[in-house]
Amino acid sequence: MAIRRCWPRVVPGPALGWLLLLLNVLAPGRASPRLLDFPAPVCAQEGLSCRVKNSTCLDDSWIHPKNLTPSSPKNIYINLSVSSTQHGELVPVLHVEWTLQTDASILYLEGAELSVLQLNTNERLCVKFQFLSMLQHHRKRWRFSFSHFVVDPGQEYEVTVHHLPKPIPDGDPNHKSKIIFVPDCEDSKMKMTTSCVSSGSLWDPNITVETLDTQHLRVDFTLWNESTPYQVLLESFSDSENHSCFDVVKQIFAPRQEEFHQRANVTFTLSKFHWCCHHHVQVQPFFSSCLNDCLRHAVTVPCPVISNTTVPKPVADYIPLWVYGLITLIAILLVGSVIVLIICMTWRLSGADQEKHGDDSKINGILPVADLTPPPLRPRKVWIVYSADHPLYVEVVLKFAQFLITACGTEVALDLLEEQVISEVGVMTWVSRQKQEMVESNSKIIILCSRGTQAKWKAILGWAEPAVQLRCDHWKPAGDLFTAAMNMILPDFKRPACFGTYVVCYFSGICSERDVPDLFNITSRYPLMDRFEEVYFRIQDLEMFEPGRMHHVRELTGDNYLQSPSGRQLKEAVLRFQEWQTQCPDWFERENLCLADGQDLPSLDEEVFEDPLLPPGGGIVKQQPLVRELPSDGCLVVDVCVSEEESRMAKLDPQLWPQRELVAHTLQSMVLPAEQVPAAHVVEPLHLPDGSGAAAQLPMTEDSEACPLLGVQRNSILCLPVDSDDLPLCSTPMMSPDHLQGDAREQLESLMLSVLQQSLSGQPLESWPRPEVVLEGCTPSEEEQRQSVQSDQGYISRSSPQPPEWLTEEEELELGEPVESLSPEELRSLRKLQRQLFFWELEKNPGWNSLEPRRPTPEEQNPS
C-alpha cells in the first residue's frame, strides 16, 4: 500500500517541495486527496488539550508497541459537504465524526489518526489528533470531528479512524473504516463546485441538428467561455440495426474571447445509402481542467417517418416489359433444372441399389476383388536388435529371423549371422553401418524387448541396481551388442520424425509389456506373433487400414504363420523357452554373471534342449599341431586319448608350415587309452619298422585345445596343471615355473638366461637356442583369445625368437657359441629380474583378465 508522506501544506524540505510542485505542473488534472487550507482545523474540547498535525501514516507505536492500547471508535459518520477555500473556490470536503467507547481504555488513549485512501490511485492522506492531556470520565460521551479532507468528483474513498497507540501485530484492531463514493459533476450539489464548473458542468451547448438534404447534415451548438478546441463526432446507423454504417469527425479550433457564448456550426456529408439514416451527434470540449476526459454532450436524430398522406407510386409503373420476360425465362430454367436433377438422382440411386443387392460380397460391405488392386510388396531389409538373455531365447531370435527370411522374403541383419564381419570391422563400426544403411534405405529396425533389455536400459540410466553381464553375452565374440546399439539409437528418440524407423516388439508368453523400456512408451508395442501382421505392414511401409478397405496377408493373419515350417520351428522355440522359464523361475538372475556369485548354471536338461546352440564345453574341438619340418626318413605320430565317459568328438589336424621344399614323410595316427598315458612327459622318438622316427607323442587327456610347437627331431615338454580340474594359469603356451617339473624349470631358466645373454652381447637373433614349452588344458575360447593375442601382442611363446627353419642342429650349435660368461651372482640377479618381468607381462595382457596369474613374491620383486 502506497503511503503519501507530504502535501502542499507540509513541506519537509525545499528539494521535496520543488519536486511536488513540478509534479503538479506536469499533471494539473490529476485527482488526489488533499487538505483544506482554510480555516485551520481544531480538535480541542472542554477538559482536553489537543492539536491537529499532518501525519506520515506511520505512528511510533508501530515501531515501539505498548502493552496497553485503547479500544476502537464507537461509531463513524461521514458526510459530503461543500466548503470555500482561502481564494473563494468551492470544493467538496468530507465531514468525519466519531465517538469513543465508555470504558477504561480512554485512560490510555493518546490520540487518533485519520486517513483517506483514494481507491483508484491508492493514494493516502493522514492527519493526527495529538492529545496533550489525559482524557477524564465525564457525564457525556467524547465526540470528535474533522472536515478538512478535500475530494474530487466521481471518485471513491476509504476513510479510517485509528486510535493511538496502535495495538501489537497480534492484538485486536482498534480502528474502523468506511467507504464513501463522491458523485460526479452531474449531481446538483457537485455541479456548483469549482472543479466541475471548470470542466463544463454549467455549459449547455444547446445542440441542434438540421438535415439540409439527403446527403448533408448541419450541427449547431453554443461555445463556452474558455478558449479551447472542440470536436464534433457523427455516427450513423440503420433504423433496425445497432451496427454503425457511417462515421466522421470534424474539428473546431479554439474560439477567440469575443466568440464566447456564440453559436458554432459544422456541416457533414452523409452516406450514399438512404437506409443509413439514424444519426448520433456528440460534441466534445477540451477544457484545461479535464482535457480528454471532459463531459460529452450528445443528441440523436432518428430516421424520418414516412407520412401516411404521401402515397408512393406502384413499382409496376417503373418496370419495363422486357424485365417481365426475363423473370419468366429465369423461372422456367430453374424449374427445368430441378426436374433434371431429380431424374438423375433417382436413376443413380436405383442403379446403386441393384448393384448392392446383386452381389453377396457387396452385401457384406466388401468390394469385388477385381475392383481392388493390392498394394505391391517390395523386398525390404530389417535389423534385429535384441538382448541375448539365454541360449533358448537366442534360438527364438534365430528362428524369428529365419521366418522373416523364408516366409516373408525379408532380408535380415543379425549379429549371429555376421560374426566374421563383426570380428573384422569391430562392434561399433558394424552397428553404425547397420544404422546408416537402415536410414538411407528407409528400412526398419526391429527392437525385441525382453528382461535383458529392461535390465540393460536401467543400467544405461545408472539406476542403483546390480550390473548386468549375461552369460550369453560373455560367450559371444562380439559381447553385448544391445548396449552398443542403444547408444547409437538414443539420439533418434529426440526427433519425432525418426520414430517410424523403429518397430518395438516382444514375444508374448516369454516376455511381457513390462519388459519394454520406458524410452519406447511413445511408440506402438507389438506382441509377437499375435500382431505380426501389423509389424509386416510396418516393414513394408504400407497402411493396413484405408478408407473403405482393410488389407490382410492371409499367411500372417492369426495363427496362419504355423502353416510354414519356419513358423512352426519358431513356435516350438518359444514353447521350449517358456517351459524352461517355468522350470527355472530365477533363470534370469542365474544368467546374470554379476548375480550368480561365480557359480555356473547347472547343465541344461537334454529333454529341454533337443538341439542346443553352443552349450558350455560342447561342440567339436578342433586342434591343429604346428609341424615345422620333418626329415625324409621321419614321421609324425598323433596320439588321441579317447575316454569312455566322453561323448564329444575331438579332431586333431596337423598344419605344416614348410620353409623350403618339402620332402616325403610319413604321418601315422595312434589312439591310446587315456589311463595308459601320463599327464606330462618328455616325448622320445618312436622308431618305426621302416627306420623313420616319430616327431612327438601328444596324449589328449583334457577337454581343452593344445597346439604343440614341434621342432625338427627335438623333444617337447608338455606342461599340465597340477590338478586335473584346475584351469591353466593363462591362455598362452607358458606357465609359472611353480607348476613345472624340475627339468622343465631348468630348461625355462636356461631359455631366459640365453635370451638375456644374447641381448647383452648384441648377437643376431638367429643364434638363439630353440627349446620350447607347450601347455595343455586351455579351453577353445581361451585358445581363440590366445591366437588373437599372439597375433596382436606378440609377446608369448611365439615372441621368443626362433632360429631359421633351414638350419641343421650342427649349424645351430655353431651359431650358438657361448659368449663371455658372467659371474654366478650376476646371473642369479638377472635371472630373477627376467622372471619378474615375465610375470608382469602376463598380468598386463588383456586376454587374461578372467584368470588368476601368479604374482611374484616380495623376494622376487627385490632381487639381491
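Heads up, residue numbers simply count up from 1 along the chain you see.
Positions of Cβ are set from backbone N, Cα and C atoms, glycine also.
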Candidate set N67, N308, annotation N-linked glycosylation site, source Swiss-Prot, matching residue:
N308
Among C245, C294, C303, cysteine joined to C277 by disulfide in Swiss-Prot:
C303
According to Swiss-Prot, the disulfide-paired cysteine of C185 among C126, C196:
C196
For N242 (N-linked glycosylation site), what residues in its own chain, 6 or more apart in sequence, show a Cβ-Cβ distance under 8 Å?
none
Return the residue, from the listed disulfide-bonded residues C126, C245, with the maximum count of other C-beta atoms within 10 angstroms of its C-beta.
C126
Give me the count of other Cβ atoms within 10 A of the Cβ belonging to C196 (disulfide bond).
25
Residue pair C196 (disulfide bond), C290 (disulfide bond) - Cα distance, angstrom, rounded:
9
Between the Cα atoms of C276 (disulfide bond) and C57 (disulfide bond), find the distance and write it as a whole number of Å.
59
Please report the Cα separation of C185 (disulfide bond) and N265 (N-linked glycosylation site) in Å, rounded to an integer.
26
State the count of C-beta atoms found within 10 angstroms of the C-beta of N54 (N-linked glycosylation site), not counting that atom itself.
15
Taking each of the disulfide-bonded residues C185, C303 in turn and counting other Cβ atoms within 10 Å of its Cβ, which one has the fewest?
C303
Candidate nearest C50 (disulfide bond) in space, where candidates are the recorded positions N206, C245, C277 and distance is Cα-Cα:
N206
Which of C57, C290 (the disulfide-bonded residues) has the most other Cβ atoms within 10 Å?
C57
